[in-house]
Every structure is written in C-alpha cells, then in structure tokens.
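J.: My questions all concern the structure below.
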C-alpha cells in the first residue's frame, strides 16, 4: 500500500505536465478535428431533444383522444367541413331539408360538457351560492379569477377566444343580487369597457338577472367597493345603450367609462325572428370598441345560450371577412371546450347560419345620417351603361315576382281580422278597453278584409296597410278602425283617379250609416298638400264611438309618385308630431292605417318613410334596404319598382338637408299656412298634378287626374257622374241655402275663416 501511494504521488506532477503539453499540441495541430467533433455532438443532442419533445406531444395527444372517447363513448364529432362564402346558401338548404335533419345531427354530436375539464372551484361550498344554475359552471382552467385570491376570487365567468384573438370575450352569467359587487370588480380589473346584455332582468315572471346599474332617477349606486354612475341612456326599439362610469373607492385611479348595451328583442322562448337584429347589435357593439379596452363582457342569464350565439356570430363574421369561409361547427365545438352548453339549443345553432347568410348576401346597408348625402351621391353614380350602385342594391333586395297591382292579397300570418259582431247579451259598454284585445282572438270567427299588419320601427304590428274600402266593404273597414282602436288614417289615393274607382267615400258632413256602422265628420282643416278630417265612428247597436283623424294626401293623384318628396315628408312629420307618435310610448303601439288603391304600392312607400323617419330621429341612422326588404316580406307588392326605391332616398334627402356640411333638420311645418277653402285646395292640387304630369300623360289623363269630387270651372262634370250624382243631390238639399249655382258645378260652401269647427265636404259630381 505504501508503495502504491508513493508511485501515484511520484507520478502526479508528471501526469499534469504531460497532459497540459499534449492538450497544447492537440489544439495547435488538430483544431479542425476537435471543432468537427463538437459540432457533431451538438447535432446529435438537438435530434435527441426533438425526438423527446415529439414523443411528449404524441403522448399528450393520445391522452386527449382517450379523454374525448371516455366523454361520450356513443358519439363522436362529425367531420363537418368549413363552408365557403359562395356555398353558404346551398349548405343551409341541404341542412334545413328533411325537417332540418343535418342541423340536428350536427348539433347533437357536440358534447354538452367536456368532463375532462374540472370545475372544482365552482363546486366549493363557498362558491355554490354564487352560481345561478347548479349545472352551468365555468371550467377551472379558463375561469375569470378576481384579484383578492383565496376563497373570494370566484365568479361564474369564463375567458373565451375569438376568431384569432385570445381572451377576446368574457362569457358570464347574469349577476345575482349577491354577486353584483363581484361583477363590477371583474369589469374594473379586466378593464372592460363594453358590456353586452342579451336578456331582460325579468322574462316570463322569472328573474333572469339582477339590475346591476343605477336607474336614471337614482343616478348613482354603490356596490361593495365600486361606485357606478349613469351618465345617459338611449332607448331604441331593440336595444338600450347606457353610458356608465365606474370608480373604485379604494383606489385613486381615474374613473372608467363603460358602455352598457342591452338587447331587448330576444323572445322569452326561441330566437329573434330576424337575424338582422343581431347583426345590428353587433354593429353597435363594434362602434364602441377601442384598442385599449379589455375583453368584451357578454352575458344573458346563464351565460351560455344567447351569449354563445352572439359570440359565434361575431367570430364567424371575422372568419368570413378574413378567409372567405367559416367553420361554424368547429367553432361551436371550440366554444363548448371553453364553457359548457355554449349555443345551448339547436335553434341558436341554426340562427348563426342564417345571420351569416344575411351578412354575406347583403353586407352593411345602414347609413349614418351624417354621411347620408355623400353616400347617396355615390350610390347614384353610373359607369357607362352599367347600373348604379343604388339600382344594383334594389335588384339584390327584390325577389317578389311582378304581380297585377290589384291582386295583392295579405298573407294569413299577419292579416287584420274583423271580429264578427254577435248579440252576446252584454249590452253597451263603450269603456271596455279590452273588448277587442282578447288572447282568444284567433279562435273566434272573423271576417276577411284586405289589410295587413306591418311592423313599425318602435312596435310590431303597429302599422296597417289596407286596400281603400269599396262600396260593399266600407262597413268592414270602419269595423277595423273601431276594433283596432286606430287613431290615425292616412289616405293616399283619391276616390276616383283616371275614371277608375280607387276608394269609396266613407265620410260625409252629415252622419252616414254603413250597415251597423256610422261615421260623421266633426272637423276639417285644409292645407296645401293634404286635408285633415276628424271622423267620429260609431257602432249603432253597441253605441260605441271612436274618433279617428284622417289625413287625405292630395299630391299623388294620377301619378306613380308625388312630384315633390317634400310634400309627403311634411305631412308624415306633422302626423308624428301632432298625433303623439313621436314621443308617446302608448301611441306608438296603436296601429296607424295607411290605405291606397291596392294597399301596397303607395302605402308601401309611405310606411317605409314612416319607419325611416323614426330611425333617423332616434338613432341618426337609416337603412332603406332593410326597411324595404322587411315590408315586402310582410305584404306583397310593396316597393316593387326602382323608382319607388329611389324616391325613398330622395325623400330622406329632402327631410334632412345639409347646411355647412352638417345635416340640419327642418323646422318649418306645412301647418303654418292654412287654407280654409277645401275645394280650392283640391282643385289646386289637381291642377299642379296635371301640370307636373303633362309631359308624360295624355291630355285626357291630365283632365281625369283631379281629386275625386273636385270639379274644374271649364265644365268637366261628366267623368264621374255615376259615382257622385246621388250624393250631390242629397248634400245640396242640406246646404243649398248658402250655395251659389252659376254653372253646372255643385259644391258645398266652405265655412267662414273665423269658424273653428264644422265640416267642409267636397261633393262628388
């Protein structure tokens, strides 16, 4: 042992010296070989590392596949391919065929819950009371965590990926009373500036969501550490926009502005009938986005069904714009992997498809009022023989085949029913407001009238488009006015035009009876472009009376369209203002009746302008394309010509003129000039219409284009002799004491200019 240690000891210095010498020699003589060897080692190590990583990936993928198989062993995801934009309509037709069999198969193949994702936090005893529904819980891996940590960091909300953007959305349940403070804490910490609420607080007598914002009368509410103020509220038919500010009482940082958009047109059961409503909601939401804001918070009641539907539409539109295709099925699967039951029912899955079809076919047709004039100029421009953009827009919208102008029959789904009057022993009860509003109306016998309910801007079924009553349907027409409690009637044609009867005269200065109905003119005001008559309608048996304001437009007779759009716009503005339709919620829901020769051609133009004026005043936006499209869907024959479509644009240009580059609403009203002599107004209107149409109408048509009942001084008394002779004789007996008979004309003398009441009636000859 001693010898061994000595030998080793003696050899160490030599070994050190020799090793150093050899190393120096190797470096100097074989440097290329050494570097090559080192490079080889690096390559081998890299390959080995890549192989290990690949094996880890394969093991993880196999594990995910096994978990998917364990989830629903009886079903698997279907190999549904993304849909190209130009194939979207055809794909929809295939899926909706056979009672929507393919839609059902696709939707049912998607797992409702991915059980491989845990929900431990949501099930903790402290957190269970914070869940609105026991079976709709956020996954642990992507739940929104509040900053306090521990047992106070839970809220029923999940981060959701967008089309290309991670955590673009937060899908949340509607706050409960005890979680409102947590909700605002989430908004504050995530720096979210937009909240989209797709539910009402109560639906069907059930609480869907706590009201977590202050009302206008309270202005400020405090929820735990957060102060919420309401700065303004904008009410629109389908949504409400609230401007809120949020402040944390424990922090000195500046207050945070939040835009709250509540969609109010989602029915209690089912889905919105028009996918365009959700596209409109999306436009409003996107108009408030900014680069620095946090995730968009979307919630309904549970935060899965309506919430998932809105997110699906928004994300797939982005996919459509970026790639020209969309993987709706794949994205809904992706949503379900992030929050259970997203897109909760099959109807919502179908709605995503129909909304994308609507967007892909028609695009953005809404025009801000501030850009209206410049946009119209662009739409009117033509390139050689090619149609203008406005003409192309009309061709895209029109799909109804051309029909005979007198064959427009209302569809059953929205026809106006006339209840048959029966002696039920109840006697007179003129104050019974619910008499004609029974929920069992559909089960009661009704009588047919050529009239259709139309959706107004503010309320569904708040407009009625009707054919002018004929001699044998006047009683039914008056019954309709009484039963529907109509307060306003807009008459857009004369009783006779060009020798053809368009409407039977259903009013008179004396009480006039039509079967069980009677009508009497109580007051008349005459203006350059229209006549306003106050009519008292009475049911002779029930002794029930109702007052209706009739506006008889004088500037349409004998022409396809009024020569001056201003005339029609001014009358409609007057009706909206004086009739209380502009500011009264109650009056907005009361039907206003438009009637013309066929109930479609002129009535369609007037109804479109009525809705467009409301939209322009309320939202400072107009969408002529969608308004015309909607009216055609509700009644055939509406807005069927390019001229009518272009007239709508021209009328809005007249309604909202530009001054110094800004749109200025006109304040002048035709009511500022009153012409008491109704006959003069009738003849003046007829003469102007004849002169305006002289270049395109034969002379005989010009002579016949006057307003029904107006006789010109040149002795034109024969054209309508059969329709008015008897009425003229009867009226002459009643009022003949004050008449002058210098010619064959027979008209009633108008009241004096100082008169404040009393009818002025033009007698037909």
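Heads up, the Cβ atoms here are built off N, Cα and C, so glycines get one too.
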J.: Looking at 37-58, 59-80, which stretch does TrEMBL describe as transmembrane segment?
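T.: It is 37-58 that TrEMBL annotates as transmembrane segment.
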J.: Select from 396-419, 420-443, 444-467, 468-491 the stretch of residues annotated by TrEMBL as region 'Disordered'.
T.: 420-443
J.: Sequence-remote contacts (6 or more beyond its ends) of the transmembrane segment (37-58), Cβ cut-off under 8 Å?
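T.: For the transmembrane segment (37-58), there are no nonlocal Cβ contacts.
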J.: On average, what pLDDT score does this prediction assign to the domain 'Tyrosine-protein phosphatase' (400-655)?
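T.: The answer is 84, the mean pLDDT of the model over that range.
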